[in-house]
Amino acid sequence: MKCQEKKRYNNNLRSVNVIQVNAMQQKADEIVKTLKSKGLRVTPQRFAVYANLLAREDHPTVDQILTNLNQDAPTSSQATVYAALQALREVGLVREVLLEEGVSRYDANVGLHHHFRCKCCGAIEDIGWDTFECIDLNKLRSGLKAERYEVTVQGICDRCETKSKV
């Protein structure tokens, strides 16, 4: 690489890095603002757990979050992650999702939506609320007072379907 090209390459690389750092800082500022708006004290643990959930779509368990947070250096404990999730749940920033018996998963997408769960690989995917026609809760038997509902569709995802055909 010629000297002039190398300088241009390095300048472009610096520009990309500055843009990435600015985007990361902006995202961090948004997380801090959101936590404060819900009346939560911003601790490194709450910040890390919430940022981790916002960055993923796989509805992780506590152990998966803990493994991810401690990937580079062990800094969090299971109790710390549970405490952070509890605080985030109490203010409505995170919801607990029970898609299989005895396994709690967590989701930062607190808007109305349903789930698809692959019976082969266990992958979980959000399904838009409007995917299903309205369910008439008035047709429940007398005495039942429904407050909310959520549909979990179980089946085989496209990745597992493709693998089974090979």
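Using N, Cα and C of the backbone, Cβ positions are placed for all residues, glycine too.
Some features that TrEMBL has for this protein:
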- CYS118, CYS121, CYS157, CYS160: Zn(2+) binding site (BINDING)
- GLU133: Fe cation binding site (BINDING)
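All protein chains shown were included, and the count of other CB atoms within 10 Å of the CB of CYS160 (Zn(2+) binding site) stands at 16. In this structure the C-alpha atoms belonging to CYS121 (Zn(2+) binding site) and GLU133 (Fe cation binding site) are separated by 28 Å. Taking the Cβ of CYS118 (Zn(2+) binding site) as reference, residues of its chain lying under 8 Å away and at least six apart in sequence are, in sequence order, ILE124, GLN154, GLY155, ILE156, CYS157, ARG159, CYS160. Ranked by Cβ neighbours within 10 A across all protein chains shown, the binding-site residues CYS121, CYS157 are led by CYS157. Cβ neighbour count for the residue listed as 'Fe cation binding site' (all protein chains, 10 Å cutoff from its Cβ): 6.
DSSP assigns CYS121 (Zn(2+) binding site) to coil in the three-state reduction, outside any helix or strand. Excluding the listed site residues CYS118, CYS121, CYS157, CYS160, the same chain places LYS119, CYS120, GLY122, ALA123, ILE156, ASP158, ARG159, GLU161 with Cβ atoms within 8 Å of the centre of the Zn(2+) site Cβ atoms.
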